[in-house]
Amino acid sequence: MDLTGKVAVVTGAARGLGKGIAEKLAELGAHVVISDMNEEGAEATKEEIITNGGRAEVFLCNVAVKEEAKRLVEETAQKHGRLDILVNNAGINRDSMLHKMDHGQWDAVLGVNLTGVFNTMKPASQIMREQEHGRIVNISSASWLGNVGQANYAAAKAGVVGLTKTAARELGKKNITVNAICPGFIDTDMTRGVPEKVWDIMVSKIPMGRAGKPEDVANCIAFLASDQASYINGELINVGGGMVL
Ligand code: NAD
């Protein structure tokens, strides 16, 4: 896979999956815009990429704020004359049982995990339509099928599936593919937040017997972003070691 000359935006790339995705795309030759609200983490990702011979820059952005997401996408395209790849990875969780979940938890998760994806996709789809080329990869989750304590998160991630498939239908004719990934249980700060007992239960449900690594997900995204995947559109791909079959 060769992404030389491609311009990619990765949201939530200061750590975890987003960092792994940004590193992989840069390793394959893309110029990567590392977007996050965490400046220190984003700068560290950038430094790592540059040290390894890649090309990267930081653009601070809260994807839940539509003006910020619009600026991220439009200013990137203006500066580089194109936007080839958009990876919507930024996400949060605010878990609680439904009867205890407050509207703050609901709004926060929907705001980042679903509206945040719309906020970048809207301007990106305009730009990609004009250039008649583009790759959008959205990060959903195996939880979209429903998960105890995650009504807000599952609803947002299911929303991402509907958004992805609709965009795939609308944009396909313009040579733009839109796909979604469902990571299973991946070893990041987000999952390290769960109690050890829950970690062991989660891993016991994975046929491959281990949590995933960010690069396991990044490899799949790199493929979807590449020319080799030019006829894969509107798919939802599980990357979870067989956790969901
Ligand atoms: P993480 O918490 O380790 O990293 C998330 C990153 O997103 C952080 O750098 C954070 O600063 C950034 N972020 C949060 N809110 C933001 C906002 N409003 N605007 C911009 N950036 C923001 O999480 P992770 O495990 O790396 O997860 C990345 C994505 O993968 C999320 O969408 C998550 O829901 C999804 N996912 C993760 C797993 C897993 O097992 N780790 C499984 C399924 C799906």
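Every residue, even glycine, has its Cβ placed from backbone N, Cα and C.
The NADP(+) site in TrEMBL is built from Gly12, Ala13, Ala14, Arg15, Asn62, Val63, Tyr153, Ala154, Ala155, Ala156, Lys157, Ile186 plus one of Asn89, Asn219, Asn233, namely Asn89. For Ala14 (NADP(+) binding site), the Cβ neighbour count at a 10 Å cut-off comes to 25, with all displayed protein chains included.
Candidate recorded positions: Gly12, Asn62, Tyr153, Ala154, Ala156. Those with a Cβ under 6 Å from ligand 1, in sequence order, are Gly12, Asn62. A distance of 14 Å separates the Cα atom of Asn89 (NADP(+) binding site) from that of Tyr153 (active site, proton acceptor). Per-residue pLDDT, averaged along the domain 'Ketoreductase' (6-184), amounts to 98 for this model.
For the binding-site residues given as Ala154, Ala156, the lowest number of other CB atoms within 10 Å of the residue's CB is seen at Ala154.
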